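S.K.: Just dropping this structure here.
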Amino acid sequence: MPDREKAHARIEALREEIRHHNYLYYVLDRPEISDEAYDGLFRELVRLEESYPALITPDSPTQRVGAAPAEKFLPFPHTIPMLSLENAMSEAEVFEFARRVRKILGDRGDVDFMAEPKMDGLAVELVYENGELTGAGTRGDGYVGEDVTRNAKTIRAIPLKLYAGAGGASPPARIAVRGEVYMDRKDFAALNRSREQAGEPLFANPRNAAAGSLRQLDPSVTAARSLKAFFYGVGEVSGYRFKTQAQTLEQLRRWGLPVNPLSRVCPSIEDAVSFYNEIAAGRDALPFEIDGVVVKVNSIEWQEMLGEKSRSPRWAIAYKFSPHQARTRVLDIKVQVGRTGVLTPVAELEPVTVGGVTVRRATLHNQDEVERKDIRVRDQVMVRRAGDVIPEVVEVIGEARTGGEEVFQMPGQCPSCGSEVVRLPEEAVHRCLNRNCPAQIKASLRHFASRDAMNIEGLGKNIVSMLVDRGIVESVSDLYRLSVETLEQLPGFAGKSSRNLVESIERSKKTNLADFLYALGIYHVGSHVARLLAERFGTLDAVRRASVEELMSVNGVGEVVARSVVHYFSLPANRTLVESLLSAGLEMAATEPEAGPVDAFWNGKTVVFTGALSSMTRSNAAALTASRGARVSDSVSRKTDIVVAGADPGSKVEKARQLGITILDEREFLERLGM
């Protein structure tokens, strides 16, 4: 047999053997060989493919890593929308869900359920054609996500080719499988240790780490992050039909896709609640983070009969865990200054572990919130991760006070620039009005360079601080005058890093109107509103000349947003900034209309906000939802469609539950905004 034929036969044998061991390791959790033996097989395959490059195929295990970094993510449309789930926070709500299911199904027989741990990761959809992985996308807004195919192929838990040799049916001609990419606790801790040693910012939790790792423009970064995945369902399928959710999971497992081994068929809703209690009791001992249990009607036929509501299926519910809480001490209260000049008090805490995550600080929102909760320096407090993600101070332990606690008072001068701090009558926040405030300049630069704005890679927090503190950059327009020689003078900024940043800044000159408008940081103009304006007016000049009435004629743009845009372009300093950017050579391509019904969730809905939001003011949140076609109301009634609940929401949430109104916590609210 010629050498090439021998090599071909050995390559095929090695690929099949490696796929087999991947299946045993990632799906069955029963490895048969040591890591060293596996590495030996992999290295042999690499050597053979290097010797015979014509024999390399896209589904080879060696092809997971190596693609060049992309400049941006392409859209990934979902043929069947990836809906979110209705939440339940109590047994009563789960039993009510089961009652609704039985009412719709009538006397068709006893209903059994599939109960699955709710992974706290990033939702993804993988597309396999004739068994080979051809596409992968994030959930996005449920209709269109981001194409992360190249990155998904670097995750060893995701098979490049579905495994048909473990029994059961062969893979269909085309199937879209859905699941969660996650990072387990051990790998998360190791990643943060390495980032701390390198002087890089730490990830707040494993979910953020997983999302940030998958959504990398450079696949080699994703490959180095030890991501894993569990799969729980399917979207589009051709030529194949599943009978039950349990069968779906088993068949996915047989094809080589990891499924959560803790999932269980429950003959009754009472059994599903018992499963929840069992999982909740042992959640901290699991190697990965979960934030609840998803309960699904097991029969696929009955799922189809039950159908969907506008945002969620009627046949499933997410029974969420109560937030983790822990006791700690307030060491200090520091004030942060944002890009719009808002001063936000932040509690510096004695490090405490809350739900597997070390919490060192928590936002206190504003002076009113500090006074309402009476939070003082050196207080003993209870801290929780709201939505199991955002740290917040729940309450002060009053009986632990010794008399040595200090009352917090918002400073009269900006901690960054020393300018007078003001509180406008209609706002709950204090502001620094100095446009030359270093903290605001730094925050504006980070916003301008962010992925959804000018997308300048390499312009991180540390380099921004050095540029501003040394007086090299005083405005975003100064970025376009940076040279390699200037950057090389900064400590730790080697030649390659300097060249890469200058090249990234140069690439950002080719942008579009929507991204540019968002990058300017106009009050109330998020990325979605910026796109609406770009699609309606087409050019920057047209937006600058538009009146309040003309802006309000855009569907999704209200009076608050319109006046903010007009005010921005009326200020001489802003007009000078825009002209400086244009003079630097920025070129704006036409903005294409958005793909898919991205406003379907908010459009026409009546929304009520209650409680404090940590990520923005309620007025900003109201403006964002209004810009998407929603109507914001102050009171809950039968006409209310959605209640957004922040910290300490009060009676509105209970009334919403009684009326069966959809309730979103802050994390879900941000996800629905695509933030």
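We count from 1, first residue shown onward.
Just so you know, glycine gets a Cβ as well, placed from its N, Cα and C.
What Swiss-Prot records for this protein is below:
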- Lys118: active site, N6-AMP-lysine intermediate (ACT_SITE)
- Asp35, Glu36, Ala37, Tyr38, Asp39, Ser84, Leu85, Glu116, Arg139, Glu180, Lys296, Lys320: NAD(+) binding site (BINDING)
- Cys414, Cys417, Cys432, Cys437: Zn(2+) binding site (BINDING)
- 597-675: domain 'BRCT' (DOMAIN)
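Tell me about the surroundings of these features in the structure.
M.R.: Within 10 Å of the C-beta atom of Lys118 (active site, N6-AMP-lysine intermediate) sit 23 other C-beta atoms, taking all shown protein chains into account.
Sequence-distant contacts of Leu85 (NAD(+) binding site), defined by Cβ-Cβ distance under 8 angstroms and a gap of at least six in the same chain, are Val294, Ser312, Pro313, Ala316, Ile317, Ala318. DSSP classifies Leu85 (NAD(+) binding site) as coil under the three-state reduction.
Taking the Cβ of Cys414 (Zn(2+) binding site) as centre and 10 Å as the limit, one finds 23 other Cβ atoms among all the protein chains shown.
Per-residue confidence over the domain 'BRCT' (597-675) averages 76 (mean pLDDT, predicted model).
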S.K.: For the binding-site residues listed here (Arg139, Lys296), which one has the lowest count of neighbouring CB atoms within 10 Å of its own CB?
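M.R.: Relative to the other binding-site residues in Arg139, Lys296, Arg139 has the fewest Cβ atoms within 10 Å.
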S.K.: Inside 8 A of the center formed by the CB atoms of Cys414, Cys417, Cys432, Cys437, which other residues of the chain have their CB, for the recorded Zn(2+) site?
M.R.: Val337, Gly341, Gln413, Pro415, Ser416, Gly418, Ser419, Val421, Leu433, Asn434, Pro438, Ala439, Gln440
S.K.: Which of Ala37, Cys417, Cys432, Cys437 (the binding-site residues) has the most other Cβ atoms within 10 Å?
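M.R.: Of the binding-site residues Ala37, Cys417, Cys432, Cys437, the highest Cβ count within 10 Å belongs to Cys432.
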S.K.: Which of the three DSSP states, helix, strand or coil, fits Cys417 (Zn(2+) binding site)?
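M.R.: Reduced to three states, the DSSP call for Cys417 (Zn(2+) binding site) is coil.
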S.K.: What does the structure give for the C-alpha distance between Cys432 (Zn(2+) binding site) and Arg139 (NAD(+) binding site)? Integer Å is fine.
M.R.: 38
S.K.: Where does Cys432 (Zn(2+) binding site) sit in DSSP terms: helix, strand, or coil?
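M.R.: For Cys432 (Zn(2+) binding site) - judged by DSSP and reduced to three states - the answer is strand.
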S.K.: Among Ala37, Lys118, Arg139, Lys296, these being the recorded positions, pick the one whose CA is nearest to that of Cys437 (Zn(2+) binding site).
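M.R.: For Cys437 (Zn(2+) binding site), the spatially nearest of the recorded positions is Arg139.
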